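Annotated features, as they stand in TrEMBL:
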DOMAIN    6-105  domain 'Cadherin'
DOMAIN    106-214  domain 'Cadherin'
DOMAIN    215-321  domain 'Cadherin'
DOMAIN    322-426  domain 'Cadherin'
DOMAIN    427-536  domain 'Cadherin'
DOMAIN    561-648  domain 'Cadherin'
TRANSMEM  663-686  transmembrane segment
Amino acid sequence: GQVVYSIAEETERGASVGNIAKDLGLDAATLSARKFRMITGSSKQYFNINASSGALSVNEPIDREQLCELKSACLLNYELVLEKPLEIYRMEFKVLDINDNSPSFPLSEYHINVPEFLSPGARFTLPNAQDLDEGTNSVQNYTLSPDEHFHLEMQTRGDGSKYPELVLKKALDREQQATHRLVLTAKDGGNPPKSGDVPVIVTVLDTNDNAPEFEHSVYRASILENSPSGTLVVQVHATDLDEGPNGEVRYSFSNTTSAELQRMFLIHPHTGEVTVNGVLAVQRPLLEMLIEARDNGAFGMSSTAKLLVEIADVNNHGPEITITSLSSPIPEDAVPGTVIALLSVMDKDPGENGKVTCQISDNLPFQLKPSLENYYSLVTSELLDRELVSVYNITITATDLGSPPITTQKTLWVQISDVNDNPPVFSADTLDVFVEENNPLGAFLYQVSASDPDMGENGRVSYMLRNSTVAGSALASFLSVSLANGSIYATRAFDFEQLRSFYFQVEATDNGSPALSAAITVNVYISDQNDNAPAILYPTSQNGSVAVEVVPRLADEDYLVTKVVADDEDNAQNAWLSYHLVQASDSTLFRLAPHSGELRTTRSLRTTDFLKHKVVVVVRDHGDPPLSSTVTVGILLADTLPQALPDFDDNGVPPPLLNATNIYLIVSLACVSCIFAAFLLSLAIARL
């Protein structure tokens, strides 16, 4: 927050400036409780704040010219610091100029020597008046008392500054009047305006009619503020077209140059070299002087040039670190961005030498953030953990931008207070538990364990199952967990064929306030037992009858009779099946593949083979102990599917070669053949 006030200089003590509480949106009643204080770099306290109302008033009248000298803008900076919570506001006071100073001239009177032979239009530099006020309250114009020989004109130098010149408008006659007394008046732009006068005495001289001329109207130079005495600043040069003594030029500082600057610098009267004389004890970065060049004529003529000297600052002041406010200890659950301390970092050097960078070590969970001008806030940059570090040694390093830079350090000790910020921690996010099916009720499955680095009740852990369902039933109907030690027990027997795996979560909660918790996912895998016999899927029998397969009467060797297909609900080796031929009406006629269950002929069938066969196949798993199932397959040797299947329940006795069915077939074939032959005979007779 920042608020700007404007106040006229010389405002009397006790005058109201504003209400800081209203302007900053603060509760005036809390100012005293929050230990407000005003901080300023000024040597005087110019303002007061009423603690009960927040009213801001003048404590001491301000003299703008004494406080800011020749600065165009006069500013006073204050910081208002409040605690609980820590806040800082910046107040800026613009000191407004009033017209309380009249223009004045450095000398009580000025003398100008004017050769009488000069033609109208000749010009003579007049002194500049000085006014400590600024803006329109400073010198705005000059006037000259009426005179028939002279008038006043304003001129502009190369740097834009203006100065008055006395212009000869009518030729002089020394024999008629040797001296002219004029009055130069300088007026400012105040309301009402103020003015200052100085007598200008013009003496009409004879002879020397050329004044020295400088090579430049404005000279510029730059030196270091710690330059030793005798250091050359600049060399000025002026020429005079006259000959002899009238053309010899002597250099000096103009009377309008302040006595302070004339003590700091020397100018050689013959060479024009300007050198340092003593210590450059000035606060202004730019010094302005006027140098006069005068010839040695009987009536010496002169001209002036402006010398601007820039004082380059050297880095001779180190940064100053001030701890304005510090909060310690701080809780370890402080959020990132929490303000720990407020620092003021100042450097008395101007410019780059006064600019300061401030930093702390990168391996700390803190950082410095610029606040207001020359202020930094020390804030947390990440979460703190008292269990890891309980106290921090923070070294603040301030370095200016000078060459070489100057560094200052200051150390802070910040303690961390404990809170319940550590939840219980399991050694892994998940774990796998294996249990055999058909387990007894109450069987112990596993014990989970979580640790908590907090102390006392904050570190005491209890366990519980998180609500969930397994196969449509509540988890509690399957498992239970010990509240104290995390032991997990089964509350029912598991069946691998119905439920092969499931998962659940165990939650560990500490006894802190508020309580913190963590969970671990437990994957339960149910191991299979050989509790299911193989199931015959093909061939199948209905109503207890034998399954029948029809094979061509003269089938070739390796003919596929059928394939026994079976399944076992168990898993792994308990479901690995093998096929065995345990009984056959003719053991030399058929063979059974032990892995695929394919029943094939071992040779080509003959007409002498029995038409009906029966085999018994056993399907066995690889469990321990193994379980098995059997299937009986009837095999009929025929080229076509009969209308009625024969009975295979005669324990494999081979049928007679000529049964009723075969006799019927032979008789029917003979009858058809006879009828066809009679038909052909009748047809032949008819044609003959």
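Each Cβ is built from the backbone N, Cα and C atoms, and glycine gets one as well.
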Under 8 Å Cβ-Cβ from the transmembrane segment (663-686), and at least six residues away from its ends along the same chain, one finds none
Considering only the recorded stretches 215-321, 322-426, 427-536, state which has the highest number of Cβ pairs under 8 Å to the domain 'Cadherin' (561-648). 427-536
Using DSSP, break the domain 'Cadherin' (106-214) down into helix, strand and coil residues and give each count. 3 helix, 53 strand, 53 coil
Tell me the residue counts in helix, strand and coil for the domain 'Cadherin' (215-321), as DSSP assigns them. 10 helix, 48 strand, 49 coil
With DSSP helix as H/G/I and strand as E/B, how many residues of the domain 'Cadherin' (427-536) fall in helix, strand and coil? 7 helix, 52 strand, 51 coil
